[in-house]
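Peer 1: Quick one: the structure is below, questions incoming.
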Amino acid sequence: MLIGLTGTPGTGKTSVSKLLEKRRGWKVVYLNDLIKEEHLYSEVDEERDSVIADMELIRERLSGILEEEKGQHAEKAKVNGEEKENITIIESHLAHYITDIVIVLRAYPPELKKRLEKRGYSEEKINENAEAESIDLILAEAFEWCKKVFEVNTTGRTAEETLGDVEKIIDYILAGKENELQEYIPGSLDWIDSVP
């Protein structure tokens, strides 16, 4: 099963993904790293200090990675006699363009700004990301691209606390109990007035 963990930069995707990888042993594809390492982009945006991802190249490369992972999982299951679901997490602010199931991590824009300042982001990039968060940009895109969308508020919470919510969502999906995830249905967070 392929699950996206997405959100504006600074919402906790990487921290939670590392914990998922360690605690659950699930495969995590850190998509932004893969894009840079394997040059899966069409151009470099010097002004914004970023690259323009080539989604076609990314999908092709991910297909290969997922086939490889599927084979490794099947081999491991054969040896260990396991019948566990093969879970792969795609971690990126672009994950919702790849997966049908996505968990969108959110953070109150003023807190998001503080997190990005600690990372040394430029003021322009901080404001751009805080504004994107305040208008629900990634959440809106997730609705457009994905079949199942869940939302987790990371404001004032540690990565471990957020991990508990993400694990619960995935475990309930695996158990067929999605209807019991009402607290993660998107739309309860409204931060439109939080950024001038």
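Cβ atoms here come from the backbone N, Cα and C positions, even for glycine.
Pulled the feature table from Swiss-Prot, pasting it below:
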- GLY10, GLY12, LYS13, THR14, SER15, ARG119: ATP binding site (BINDING)
- 30-53: region 'NMP' (REGION)
- 118-128: region 'LID' (REGION)
Peer 1: Report the residues of the chain - excluding GLY10, GLY12, LYS13, THR14, SER15, ARG119 - with C-beta within 8 Å of the mean position of the site's C-beta atoms, for the recorded ATP site, in sequence order.
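Peer 2: Counting only non-site residues, the set is PRO9, THR11, VAL16, ARG115.
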Peer 1: Tell me the Cβ neighbour count for GLY12 (ATP binding site), meaning other Cβ atoms within 10 Å of its Cβ, over all protein chains shown.
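Peer 2: Its Cβ shell of radius 10 Å holds 24 other Cβ atoms.
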Peer 1: Counting each residue once, how many in the region 'NMP' (30-53) are helix, strand and coil under DSSP?
Peer 2: 7 helix, 10 strand, 7 coil
Peer 1: Specify the count of other C-beta atoms within 10 Å of the C-beta of GLY10 (ATP binding site).
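Peer 2: Taking all protein chains shown, GLY10 (ATP binding site) has 26 Cβ neighbours within 10 Å.
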Peer 1: Mean pLDDT, the region 'NMP' (30-53)?
Peer 2: 91
Peer 1: Sort the residues of the region 'LID' (118-128) into helix, strand and coil with DSSP and give the three counts.
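Peer 2: Grouping H, G, I as helix and E, B as strand yields 7 helix, 0 strand, 4 coil.
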Peer 1: Among all protein chains shown, how many Cβ atoms are found within 10 Å of the Cβ of THR14 (ATP binding site), not counting that one?
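Peer 2: Taking all protein chains shown, THR14 (ATP binding site) has 18 Cβ neighbours within 10 Å.
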Peer 1: Helix, strand or coil at GLY10 (ATP binding site), per DSSP?
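Peer 2: Coil, per DSSP.
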Peer 1: Near LYS13 (ATP binding site), which residues of its chain come within a Cβ-Cβ distance under 8 Å, counting only those 6 or more away in sequence?
Peer 2: LEU5, THR6, GLY7, GLU91, SER92, HIS93, LEU105
Peer 1: If you count Cβ atoms within 10 Å of the Cβ of SER15 (ATP binding site), leaving out that atom itself, what do you get?
Peer 2: 17
Peer 1: As a test of the contact definition, list every same-chain residue at least 6 positions from ARG119 (ATP binding site) whose Cβ is closer than 8 Å to its Cβ.
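Peer 2: The list for ARG119 (ATP binding site) reads GLY10, given in order along the sequence.
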Peer 1: Across the record's ATP-binding residues GLY10, GLY12, LYS13, THR14, SER15, ARG119, the largest CA-CA distance in angstrom?
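Peer 2: Those residues reach a largest Cα separation of 14 Å.
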